[in-house]
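Student: So Swiss-Prot lists the following for this protein:
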type: SIGNAL; residues: 1-20; note: signal peptide
type: DOMAIN; residues: 52-167; note: domain 'Expansin-like EG45'
type: DOMAIN; residues: 177-257; note: domain 'Expansin-like CBD'
type: CARBOHYD; residues: N201; note: N-linked glycosylation site
Amino acid sequence: MASSPRAFALVFFAIAAVGCTQLTTADDAAPPVWQKAHATFYGGADASGTMGGGCGYGDLYSQGYGTRNAALSTALFNDGASCGQCYKIACDRKRAPQWCKPGVTVTITATNFCPPNWDLPSDNGGWCNPPRPHFDMAQPAWEKIGIYSAGIIPVIYQRVPCIKKGGVRFTINGHDYFNLVLVTNVATTGSIKSMDIMGSNSTDWMPMVRNWGANWHSLSYLTGQTLSFRVTNMDGQTLVFKNIVPSGWKFGQTFTSKLQFK
């Protein structure tokens, strides 16, 4: 006996509803994307050897980055654009169970650059050679996930939001006609896509250029002026830090805002 149009429609919509429900559930339950890399360690047991570095953060203790930090290989460093980004890392027990501490992850901040070593092969000492994704981690962070005697371990990693206390900070270095601004304590993406500066003698924003790492520069003469910054993070969120730097500022000073990326 042939089905009625109404019965067919009810069956169709019931199947469609089940399909939609299954699709939504699958999407919601999808695990985060983990990528493969390797990790070594440096800097000593107290991570004192990780200070400074290719991002320009200087004293990582006073800047709030502590010992959970890492130098990134060329494939991850992105010419300094990755400075400040946060990564959750776990030892890959599927590839080296004997060298992994099970059930443990550590979240680190990118604070340095791990340069290539072209004198050594990529699989035997030249760990940071392109195109290898590699983390040279501060020793205390590395030992959270790996057995010390291994020296190098396979890892899985993923980008995660950076969690920070307080507002974005700006440190002004350089000299007249060369204003070098270090941006630190950046939440969410951790890294900056673009930055503009405006002095109190002007109403125009002037684009700044990434000089190295997390340092941005302007060649304008701004000494004695109140300064404002317009900062866009890697997600495209823009914050305006109006008059964050008073007119009596000096090179070497740090100014903490009340604004933070969310």
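Using N, Cα and C of the backbone, Cβ positions are placed for all residues, glycine too.
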Student: Based on DSSP, name the secondary structure state of N201 (N-linked glycosylation site): helix, strand or coil.
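Tutor: The three-state answer is coil.
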Student: Within 10 Å of the Cβ of the residue listed as 'N-linked glycosylation site', how many other Cβ atoms can be counted across all chains shown?
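Tutor: By my count, 11.
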Student: As a quick check of your reading of DSSP, tell me how many residues in the domain 'Expansin-like CBD' (177-257) are helical, how many are strand and how many are coil.
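Tutor: The breakdown for the domain 'Expansin-like CBD' (177-257) reads 0 helix, 44 strand, 37 coil.
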